[in-house]
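Let me begin by presenting the structure, written as structure tokens, before commenting on it.
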Amino acid sequence: MNNVFYNMLIISGPSGAGKSTLTQVLQENIANFYFSISTTTRSPREHELHGREYFFTTKEAFKEGIKNGEFLEHEEVHDNFYGTSIKPITQAIQEEKFILFDVDVRGHNSIKKHYPLAKSVFIVPKNLQVLEERLYSRGTDSKETIQKRLSNAKEELKYANAFDYLLINDNMTSSKQAILHVAKSLMFVNHETKMRTLLAQYAL
Ligand code: ADP
Ligand code: 5GP
């Protein structure tokens, strides 16, 4: 990826932390924005659309995708498969889009290895009780699914140190501002890198 510039932000965090809510804010406020639509074998939630939140597929088709080398990374999360497709990312880089990934903590590590300029934010609510309340009030998952996601949250929290930023999503207004600041500062930092390389080329 030498001399290729890209603005990439990876968000991770326990289920119910507020990743989708904050993604929406970026989608509405960042120009030339691209959300990496993952492929998953989990069932769609009521409001979700195929090709908007996710590409929903079967386990068989997902495994075929792995065999064909279609994924940049893929993981089993909460008993389902999730994967990031390579092709649209390569295209979004060429089109100089701002790329956002919403992936689990292991997906984060893989993407960082592929794309070292990427920055990452780990999103958490202020405590597990709030997380539980949000999962129940969202009303999209069964009690069993919520319990599984809560117990996985404790595991996921152990990886928070690997991220560039930690966002405690308590007050919605402050969190929206914080995620926008991170995204915009990332664009500025990468712009600086691009400028330095350009100037070095002129000096040759
Ligand atoms: P995730 O995508 O991380 O699973 P969501 O964005 O779906 O989480 O958020 C889970 C629930 O919590 C949703 O019902 C959302 O409206 C709510 N929520 C998110 N952030 C906040 C916040 N700061 N304060 C109160 N409720 C929130
Ligand atoms: P949900 O089912 O709540 O939409 O997502 C469950 C978990 O899967 C979340 O932690 C989310 O970040 C993660 N996830 C979604 N897409 C991908 C992906 O393509 N790769 C990986 N590794 N994780 C993903």
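From the backbone N, Cα and C atoms, a Cβ is placed for every residue, glycine too.
Feature annotations, reproduced from TrEMBL:
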DOMAIN    6-184  domain 'Guanylate kinase-like'
BINDING   G13, P14, S15, G16, A17, G18, K19, S20  ATP binding site
On average, what pLDDT score does this prediction assign to the domain 'Guanylate kinase-like' (6-184)? 96
Could you list, ordered by sequence, which of these binding-site residues: G13, S15, G16, A17, G18, have a Cβ under 6 Å from ligand 2? S15
From the centroid of the CB atoms of G13, P14, S15, G16, A17, G18, K19, S20, the recorded ATP site, which same-chain residues not already listed sit within 8 A by their CB, in sequence order? I123, P125, L131, R134, N169
Most Cβ neighbours within 10 Å, among the binding-site residues G13, G16, G18, goes to G13
Judged by the number of other CB atoms within 10 angstroms, which among S15, S20 is the least packed of the binding-site residues? S20
Restricting to the same chain and to sequence separations of six or more, state which residues have a Cβ under 8 Å from that of P14 (ATP binding site). V124, P125, L131, R149, L150, N152, A153, E156, L157
According to DSSP, which kind of secondary structure is K19 (ATP binding site) found in, if we only use helix, strand and coil? helix
A17 (ATP binding site) has its Cβ surrounded, within 10 angstroms, by a count of other Cβ atoms equal to 24
